[in-house]
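Working notes, beginning with the structure itself.
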């Protein structure tokens, strides 16, 4: 049937274009694709969580040495490696500099600096457009290779140490031009799931993705904490090889662009083989895609309210929490990392067992959409309460209690993503995930330096004010909860 319909329309010269279409029709089972996605995710996330705390310790060491070269040179060499023992590095100036360095790094990874600010933000949606035209796989592979290069560059700057300013790591933000950065990678992962999984099962897979990510966080944090005692460079180097393995797994995931189509659309196939002379037309199409995405969001105010929680992405970063525990409670970064891993274990249990069971139960009562909405509201309420607890906890037992309660709120993002996905047509799913990526970017632009500034100010003031960023974001999540209360499905 396909052959008789398409062969008269294709000239012999273009007959080779049939091959990609044949590949797209050879559908792998959804379970296989999901399994490969989960495996890819755990390698990528494990690499990150091995690297992140070790990187923080290395930059703390650099700033600590710089501080004591001016204030007390006799302490240099107290760690046995030519640096300063970590217990002396908890002064407000050192912690403030580390927080600002990492906070602005997250911001620049989302926007780029100065001249490339608009470029990376604006091109997040065109990379979503590219995924719709050329396929999910080439874009997600590109962005992960760019991320690997970025992490390698940051390690090089770290290795050089004080020879060049640590702020040179901000140049690594340019990686986001090639693929769009972490936001696009995350969006495409969820888009692939949406391509191959039915609506009723989708939220369960989203929970599994988060569970795998949290498993990686749990194992990576524990591994980093143990290895950092010997040398922070061990987890840093190991992480590069693990992330490269994740890219290798990604290569085995088939293209899912037209996974559920009866037959591939002709238009995307022709656009995918566009010649260099047609690039201007492709750029015009990308611009049109941006405008239509903005129009899509403006005409779907309900979707806008539902995906707004993605602006609080900085809350899900370990960085400020790790520095807060280390500084406020006078502990090493390795100890703080281990404390966070306890929360990670609870989040893993939540996403593997509690939320899926609750979701199935409420789906039977009210259906998938109402179930997602109610659980998202509950998660947001718990998140707001626990953040307030983190900010005011006067001692470590209460801190642990707040961390455990906080773990119960981590279902918020996969729940609102599933709900928003169920409210749009399948042809708009990639666009929706691109918009979620933009919300994520906006949250990083504003939130990452804001959390760093609030933390630096809190540490400088002392006392309970050290928890200022968590107290502030408790109020932000409360506002988002009010928005979710006004959503009806």
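Placement of Cβ uses the backbone N, Cα and C atoms for every residue, glycine included.
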Among 274-293, 374-393, find the range that TrEMBL records as transmembrane segment. 374-393
Using a Cβ distance cut-off of under 8 Å, indicate which of 168-193, 333-354, 399-420, 432-456, 468-487 has the most pairs with the transmembrane segment (31-51). 168-193
Check for me, if you would, whether the transmembrane segment (468-487) reaches the transmembrane segment (374-393) - at least 3 Cβ pairs under 8 Å, residues 6 or more apart in sequence. yes
With pairs fewer than 6 apart in sequence excluded, do the transmembrane segment (374-393) and the transmembrane segment (168-193) have three or more C-beta pairs that lie under 8 Å? no
Here the stretch out of 141-162, 303-321, 399-420, 432-456 with the most C-beta pairs under 8 Å to the transmembrane segment (333-354) is 399-420
Flag the pair the transmembrane segment (233-253) / the transmembrane segment (141-162) as in contact if three or more Cβ pairs fall under 8 Å (sequence separation 6 or more). yes
Within the same chain, the residues 6 or more beyond the ends of the transmembrane segment (303-321) and with Cβ under 8 Å of it are 49, 52-53, 56, 99, 102-103, 106, 217, 221, 297, 336-337, 340, 376, 380, 383, 387, 390, 410, 412-413, 416-417, 419-420, 423-424, 432, 435-436, 439-440, 442-444, 446-448, 450-452, 455, 469-470, 473, 476-477, 480, 483-484, 486-487
For the transmembrane segment (141-162), the distant same-chain contacts (Cβ-Cβ under 8 Å, at least six residues beyond its ends) come to 44, 47, 51, 55, 58-59, 62, 65-66, 109, 127, 168-169, 171-172, 175-176, 178-182, 184-185, 188, 233, 236-237, 239-240, 243-244, 246-247, 250-251
